[in-house]
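**Q** Grabbed the feature section from TrEMBL, which reads as follows:
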type: DOMAIN; residues: 49-87; note: domain '4Fe-4S ferredoxin-type'
type: DOMAIN; residues: 131-164; note: domain '4Fe-4S ferredoxin-type'
type: TRANSMEM; residues: 7-24; note: transmembrane segment
type: TRANSMEM; residues: 44-63; note: transmembrane segment
type: TRANSMEM; residues: 90-111; note: transmembrane segment
type: TRANSMEM; residues: 123-144; note: transmembrane segment
type: TRANSMEM; residues: 172-194; note: transmembrane segment
Amino acid sequence: MRKWLQPVILLLFFIVPYFDLFRIDIPGGQYYWFTRRLPFSQAMPLLLTVLWLVFLVLGLSFFKPRLFCSHFCPHNTISKFLRALQRYKLDLPLAILLTPLVAFTLIAYFVDPHRIWSALTEGTSGMVLIFFLVLCLFIGALLLRLRHKFCSTVCPYGYIQQMFRPERTTTLGKIVTAALLLMLGGATVLSVFFTSGLEIDLGTIARVNAGNRMIYTYELRLVNNRKQSESVSVTFHKLEPIRNPFAEPILIQSGEAMKIPFSFEVQQTQEVEFDVCPQQPADCERFRFSLSGT
Ligand code: SF4
């Protein structure tokens, strides 16, 4: 199994961020999970994914010593491949080629790849450029010189694994670990599908006394983090706003942010209740409050 798993994991390491399968866009305040774009404010899938990855990397050690190192770690796969090329004297040229590619890919897990590219080619972000150069130095040292020496001397995972010896783990412990990993993986996938990529927020703009009545002005804020456009309808159940701007559903394009002001006019205390609904009814958000006429 190791023979095919190692190249597959290595390939995944290189393609996952570029196809938006999983990456965190720190400057953009969002992250991608199987091409779904989600804001940091809806962080549950991100937290569960990180938790699952940590559990997976640690939990694998319960089944076989250094199982993660031998089957999954991209550094081990590349180092083994470079060692095999040593006799043809091709390891150094390949290590030189791989260094910037690995550094670029690692940063792409945390910064939009287009942003990194423009930082490198047009100098648009000094921070990204410095980070890339520092990472190139580190990866270069790893691939050109250290290779497997890194595992025995520096890598913290090598030390951590000593705490999780498979021979000390009972069969029940292994079953519980496997069940926990499966449950956490399932919860992670479910959380993505139950998380909306649409941000809905209500802001108060003004409260004006107009003689015998009060005028309250609000702003409905919508941000579409999805990859496709979204139609949003607003339904008022009690008091209607003045010149209702939501008579027709609102079309919001992918990546677009909208602020739609609307006002209520009241002479006495009145209840306001309305639903803001994207195409998926499960993502509806209800607002309910009362307005005073004085
Ligand atoms: S010790 Fe660290 S770098 Fe080496 S194979 Fe294991 S995880 Fe990878």
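Just so you know, glycine gets a Cβ as well, placed from its N, Cα and C.
Keep in mind it's a predicted model, so treat the numbers as computed, not measured.
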**Q** May I ask you to check whether the transmembrane segment (172-194) and the transmembrane segment (7-24) make contact, with contact taken as at least three Cβ pairs under 8 Å and only pairs 6 or more apart in sequence counted?
**A** no
**Q** Considering only Cβ pairs under 8 Å, which range in 7-24, 44-63, 90-111 makes the most contacts with the transmembrane segment (123-144)?
**A** 90-111
**Q** What same-chain residues lie close to the transmembrane segment (44-63): Cβ under 8 Å, and 6 or more beyond its ends?
**A** 22, 24, 31, 33, 38, 72, 157, 160-161, 164-166, 169, 173-174, 177-178, 180-181, 184-185, 187-188, 191-192, 195
